[in-house]
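Take a look at the structure below.
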Amino acid sequence: MTTDTTSAPNFIRNQIREEIEAGRTGKIVTRFPPEPNGFLHIGHAKSICLNFGLAEQFGGDCHLRFDDTNPAKEEQAYIDAIQADVSWLGFEWAGPVRFASDYFDQLYAWAQHLVREGKAYVDDLSPDEIREYRGTLTEPGKPSPYRERGVEENLDLLDRMRVGEFVEGEKVLRARIDMASPNINLRDPILYRIRHASHHQTGDKWKIYPSYDFTHGQSDALEGVTHSICTLEFEDHRPLYEWFLDNLPVPVTPRQIEFARLNLNYTLTSKRKLKLLVDNGIVDGWDDPRLPTISGMRRRGYTPASIRKFCDMIGVTRADGGLVEIAMLYHAIRSDLEDNAPRAMAVLKPLKVVLTNVPEGHEEVYEVPGHPAREDMAVRRVPFTREIFIDQDDFMEEPPKKFFRLAPGKEVRLRNSYVIRCDEVVKSESGEIQELRCSVDFDTLGKNPEGRKVKGVIHWVSAEHGVPMEVRLYDNLFQVEQPDKDKDADFLEHLNPESLVTVQAMGEPSLAEATPESRFQFERVGYFCADRHACVDGTLVFNRTVGLKDTWAKVQKQEAQKKEQDEKEQDKKKG
Ligand code: ATP
Ligand code: MG
């Protein structure tokens, strides 16, 4: 058993540890079972971190198994993307990539076994009739007229279903359990449906496909899974999961444990809804940096470590329905990049500044640390020239009192360089500011000017040597915390029209070397990542990963302070 270093404790971890210590469990085997009908999202990351994390922590195995029982919605492209995402997150599955479809022969044999035991039958009711006969939460169901069919007839019909003698919906195979069970899942659930669909793994071999319930537990058992961890919506399926294991000659009996799914505010964690955004061209594919997909977050600039850290922070519980703040996810990536991203200067809204007392052709180069606390990072060479760009937001013609940046007649320090004073504002005929003319105080390199206090420091880029680049400013995709809260309304109405704003920016020359997916802090601006698709042939496109302001940490701090104060007051009252 390895030590608990990678992940925070939670109820499942504690339970498994107890089992191991009591000698009730040997080597543990978990699995991550995605359906290849879309890309993985941050909710899946929670499940991945949990399942792979447990295997890592207790020296067990975690399998990657595609739960591929619905060929109509599944695609090879999703299979490839899911594998890439799991690997990118830093996890390795034990053994080969597995597919539930690998077990179709065995599952079929087990279906025949149930028929022979009188525990399954072919039903001719239509899907609507089946629903009607099933009853409700308050009323028991009633048996299908086909429920008492003989074994031989059932076996024959099942075989003819398999080879495609019937049309879709004409017949199903059902378990024969209890039409009056208080748990609707036990009212003769469907085991096989007819589907004349070609399957990405098995081709045209099958005309019937097993249901999720008939597939999942048996696949777990065939793989020797010890702990089958899933989300809470499967809690009511657990008796059925166990019924199959009890009534089939399975090699081992895994145990199902449920936990609460992750819901994140200002976004959606449902593949179906994300697919709708992709299919309607509302976002730029499954890896659009605004999506909470793992590949979208990757393109946005998230690191695997930051996603794993976030999953540790949110923990694993059985408390359902909570919304986790996206600010917490932003916090996780921000603190990673704070420590690990090299710094650079970039001006998002360039305003030209001519430094009138710097001669034309003059150039000096500053050697600036790549990161204030990381000597291992390469030093940057930042050239200073007569013409530079500053950000439009760092200049105001009529500044309010506490504006410590540049204004007519005012001074400001250029980061890593001199103090300059704004002497003149040059405007176009229509009154738009075209450039500023400023003068440099050459006595201020690395020291304060004599007798004057210059509070503001702004970033800048040499106009001559700076590199043009496109910057994509991403924000929350939705304007409201829970876009799909109202089930009858259209969640698309809540899209944030400003979720992507693109600007033409100027960056310091060192950024020309940025490789796809390299991440930076643009000083005073935020954290950015070179786009993995667009940065080719010298084109520079940066995606904003996250801003600098940490609202989550701030709120945590305020809450801690308030708690402390409350406690003090309580103590005072007590005397
Ligand atoms: P979606 O509703 O987005 O399609 P799903 O549950 O149908 O999700 P699967 O591919 O079947 O997606 O899920 C694979 C695994 O990931 C399952 O074990 C599932 O419980 C887990 N999972 C899916 N969504 C979340 C979530 N939001 N939080 C935690 N785990 C999740
Ligand atoms: Mg699913």
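Yeah, the Cβs are placed from backbone N, Cα and C, and that goes for glycine too.
TrEMBL annotations: computationally assigned, not manually curated.
Record check: TrEMBL places GLU35, PRO36, ASN37, HIS41, ILE42, GLY43, HIS44, ALA45, LYS46, SER47, ARG261, LEU262 at the ATP site, and the matching candidate among THR69, THR226, THR231, THR303 is THR231. Within the set 128-132, 268-272, 288-292, the record from TrEMBL flags 268-272 under the feature motif ''KMSKS' region'. Here TrEMBL gives motif ''HIGH' region' for one range in the set 34-44, 199-209, 408-418: that range is 34-44. With a CB cut-off of under 6 A applied against ligand 2, the binding-site residues GLU35, ASN37, ASP67, THR231 are reduced to GLU35. Separation of the C-alpha atoms of THR231 (ATP binding site) and ASP67 (L-glutamine binding site): 15 Å, rounded to the nearest whole number.
Checking the binding-site residues GLU35, ILE42, LYS46, THR231, LEU262 for a CB within less than 6 Å of any atom of ligand 1 leaves GLU35, LYS46, THR231, LEU262, listed in sequence order.
If you take every residue in the domain 'Glutamyl/glutaminyl-tRNA synthetase class Ib anti-codon binding' (341-441) and average the pLDDT, you get 97. Here the binding-site residues are ILE42, LEU262, and the one ringed by the most other CB atoms within 10 angstroms is ILE42. Residues of the motif ''HIGH' region' (34-44) grouped by DSSP class, helix first, strand second and coil last, total 3 helix, 1 strand, 7 coil.
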